[in-house]
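Novice: Take a look at the following structure, please.
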Amino acid sequence: MRMFFPITCPARLPWLLIAQNRILREYKKPSSNMKSLNFQSVVSQFFEYESTVVVRWPLPFIIIPPLLTVSIVTLTVTNFHLNVTNDTLQVFLPDDMRSLRDLKELIHLFPPRDAQRDTYSIFGTKFVYTVIEDEQPEGNILSSSGIQRMARLHKFVMGLETRQGDNVATNCLRNRDDEACTMHPIAFALEDSTPEFAIQFLLRYPNLKFGDFVVDNAMVFGGVEVVPKSQDIEGNSPIRSSKAVRMTYILEASESTERWIDLFLTTIPRYKESNSTVLWSSSKSLAKEMERNGELLIPWMPWTSLVLVVFCMFACSSFHVVKSQPFIGFFAMFNATMATIASTSLLIYIQYPFLPLVFIMPFLVVSIGTDNMFLMLKSWRMTKKSANEERRYICALTESAASLFLTSLTDGLSFAIGSISDFHAVRVFCTYCAMAILFMFLFQVTFFNAVMSLCCRREVAGKHPVFCCYDTVPSNETKILKPNSDTHSDIASIVAKYLYRILNPWPSRIVVFCIFLLYLFTSIHYAIGLPLGLDLKLLAPDDSYVSRELEAQEKLFADYGGFCFALVRSENISFRDPMIRRDLIKLYHDLGGSEYASPAEFWLEPLEKKHRGRKYSESNFSDELHTFLAKEPNLKFRNDIRFTMTGRIEAIKMMFRVRKLGKDNDSPRAEYMRRIMETSQFSGFVYDTSFLLVDQQMTTVYNVIIDVVSAILTMLSICVLMVPRPVSAMCIAFAILSVNIGVIGALAATNTRLDIISMITIVMSVGFSVDYVTHTTFHFVIQRDNRLEKCLLVMTEPILQSALSTAIGVSLLSFVHSYIVRTFVNTVFFVVGLGILHGLIFLPVLLDTIVPHSEYMIAYEPHQEEEENNHYEDLYGL
């Protein structure tokens, strides 16, 4: 062996070439190992040579990774800039879907000019609004005292002023410079010295009409009771009482507006009114509250690190002083932390997008990193003591190399599949996770291997595990222990033997099979009922004012919402034909003829009332239309007609009032209005902001299915390479699918919705589940006899340790009151629990029942200079 690694050879050796030469050399030798010349053997041989380099020259591998991390962090800090998007809703939407295409065409043909009518411009509009609700059971905010409370709140908002002199009056939206602020008339009434008297003239619902002048009250008054007998011909009634009033302040897009909104959001929480609940929101509230999800995680990072360090150091320790390896536990955490910092800094440095969601990533990655440490330490403790301790460590690392590679590859690929998702948020989060896992694997096979080799040398030399310069003095307790005893191994072996005794009899296997069927049936039952779609309230922390305001909006302002729109392409339409105009008006009333939407405004209707059924020439209709649009009540319709450069009408716009707000009615509304438009003779589409969530819901389901199937097939392909046995591979695939069905069912049982947050966690669970089932299968098929018992004895300890470390890594996050964080924590717990259940009970029983004894695989054994066989220490009496 030493002929391959001369003293003068640098640390960076051509490992792949050496591995290839070794494979060719092994191929020429008639060896039993040739029976196992598969992907697992190639990986193991490669890491045998790589570990040889690390063991013989550990110092460069200890120095270079930390220096690389410090260099990347330094570059990032000196040129620090977070590439954060301000489009809060759009990061949770797919890159391309029907409603997004419709929105882009609508904005292109009809650029928003009136913020009150063109409500499809919400992604660029700046606004704040307040809601004041009477707390009394039968309260009426329109009582004399209620109106006084409304007036005080309005004056408080109008009086807010930044140090630069910015206020509502200087930043409000105006149609022209000489006009007053664009606000509801009730705002001007509240500024009157006697607002109780001024407001009485405005109290009709949903609209107030003065001749041709219409005041929209549907979005202002909430929880309304009307006087039904006084309803006019257009359906407007006097307001008897109102539970709440919403005041909206539309602002110009400018830096001064941003400063004033920040002041508003900082000040308004301190405002109180007796017998009233004051709610508020703004154009930037949802984005800021989503960022607070990440801020809530930051205080838990040091505590989680401390708990994991203590756990890992304890798990690596033993009553046998020399065999205790607390520093291995510490440096495992250090390695995972270093990888997380380096990967995140690199992505920030290259200006890759960043989202607050990324703050969850370190908790997952650090938990994954500690799992590999348990496998490596287990392999070291199982190797037999020999005269050549360098070869002993190389053998130990080689035995665990395939498992380490498989764990990192499957976890990394599961996130890599998510990193090509159609959803921006999924793509960003999974890219950060995949990059962190890549760095962690590279640091694991270099930095951590070098550190571990030094710790193992310390053990061989009999030095103290903490004070490494001192020899260990055997205590009385240590002397009475068996030479090969290890407390953790003893406990694990006891658990494994009990499991074997329980699972081995055929009656027990039948019971296990029945329990599995019950589990599978229950999981499928809950998974089918998994709620679909993104709920905006859940994107903010549980105690967020945004969540409370959205909840109040669904409760108080559910009767009437904003506007939705129909666009008709009219390049081939002749408006001078009265039949065409009649069909367009009929389409307008059909679209607004359901319980989900009602007609609002369509310029052709008042025009046709004046000249019903008249047939125009092309020039006469154009003249009549321009005359109609020039009059004051009809000026608002100018942005509802799109003219070409030649004067022809290219497209027209219809407006409808959304009815029955709420996520349960969004999908029926979209389905009804789209069906009406598609079955009409006109080319066009219908758009509402809620359609974005409806299409996102369907796209999410499609993407989850595609990503999960792709991930499972990818994981299965890798597992087949590692365990090239057909029946065993089928068992692996079945176990992976079973774990993920269980995870989806458990998420549904905890009222988790199928949105992009759960989409990330479901894809993540595919990679996590592979770790449990593949290692169990591999250690089963390499046994010749007593396969169930030996598999359980080998796998019980690492599975329980890795599951416990993963659960501990995210357990503290269960105290974070956030749906996003809670979904990740629940998913990890479910994967860990179901992984243990499958890895130690369901899968071993299945393998021992259906896998034939002829399906056997010889595991790769490292090359031995002094001992060719039996390099394992028989910890379990096998």
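For all residues, glycine too, the Cβ spot is worked out from N, Cα and C.
Note that TrEMBL annotation is computational and uncurated.
Annotation comment: TrEMBL describes 306-454 as domain 'SSD'. For 300-322, 329-350, 356-375, 396-420, 426-448, 510-528, 701-723, 730-750, 756-782, 803-821, 827-847, the entry in TrEMBL reads transmembrane segment.
Please situate the listed features within the shown structure.
Specialist: When pLDDT is averaged over the domain 'SSD' (306-454), the result is 83.
Listed by sequence, the residues of this chain that lie at least six past the ends of the transmembrane segment (426-448) yet keep a Cβ under 8 A from its Cβ atoms are 47, 50-51, 54, 61-62, 64-66, 91, 331-332, 335-336, 338-340, 342-344, 346-347, 352-355, 357-358, 360-362, 364-365, 368-369, 372-373, 404-405, 408, 411-412, 415-420, 703, 756, 759-760, 763-764.
Beyond its flanks by at least six residues, the transmembrane segment (510-528) meets 503, 738, 741-742, 744-746, 748-749, 841-842, 845 of its own chain at Cβ-Cβ distances under 8 Å.
Within its own chain, the transmembrane segment (701-723) has Cβ neighbours under 8 Å at 38-40, 94, 402, 406, 409-410, 413-414, 417-418, 421-423, 426, 532, 729, 732-733, 736-737, 740, 754, 759, 762-763, 766-767, 770, 774, 777-778, 781, 857, counting only residues six or more beyond its boundaries.
Distant neighbours of the transmembrane segment (756-782): 40, 92, 364, 371, 402-403, 406-407, 410-415, 417-418, 421, 423, 425-426, 429-430, 433, 534, 538, 696, 700, 703-704, 707-708, 711-712, 715, 718-719, 722-723, 725, 728, 731-732, 735-736, 739-740, 743-744, 747, 788, 790-791, 794-795, 798-799, 802-803, 806, 819-820, 823-824, 827-828, 830-832, 834-836, 838-840, 843-844, 847-848, 851, 855-859; these residues of the same chain sit at least 6 beyond its ends, with a Cβ under 8 Å from one of its Cβ atoms.
Long-range contacts of the transmembrane segment (803-821) within the same chain: residues 293, 296-297, 300, 303-304, 307-308, 311-312, 315, 357, 360, 363-364, 366-368, 370-371, 374, 538-539, 541-543, 757, 768, 772, 828-829, 832, 835-836, each at least 6 residues beyond the stretch ends and with a Cβ under 8 Å from a Cβ of the stretch.
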Novice: Considering only Cβ pairs within less than 8 angstroms, which of the stretches 329-350, 356-375, 396-420, 730-750 has the most against the transmembrane segment (300-322)?
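Specialist: The stretch I would name here is 329-350.
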Novice: Looking at the stretches 329-350, 396-420, 730-750, which one shares the most CB pairs under 8 Å with the transmembrane segment (827-847)?
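Specialist: Result: 730-750.
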Novice: For the transmembrane segment (396-420), give me same-chain residues lying six or more residues beyond its boundaries with a C-beta closer than 8 angstroms to one of its C-beta atoms, as numbers and ranges.
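Specialist: Same-chain residues near the transmembrane segment (396-420) but 6 or more away: 40, 43-44, 46-48, 51, 55, 368, 371-372, 375-376, 378-380, 382-383, 426-427, 429-431, 433-434, 437-438, 440-441, 444-445, 449, 456, 707, 710-711, 714-715, 718-719, 722, 760, 763-764, 766-768, 770-771, 774-775, 778, 860, 862.
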Novice: When you scan the chain for residues with a C-beta under 8 Å from the transmembrane segment (356-375), skipping those not six or more beyond its ends, what do you find?
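Specialist: Counting only partners 6 or more residues beyond its ends, the transmembrane segment (356-375) has Cβ contacts under 8 Å with 290-295, 297-298, 301, 304-305, 308, 312, 315-316, 328-329, 332-333, 335-337, 339-340, 344, 400, 403-404, 407-408, 411, 425, 428-429, 432-433, 436-437, 440, 444, 448, 764, 771, 797-798, 801-802, 805-806, 808-810, 813, 820-821, 824, 828.
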Novice: By DSSP assignment, list the helix, strand and coil residue numbers for the domain 'SSD' (306-454), in that order.
Specialist: 122 helix, 3 strand, 24 coil
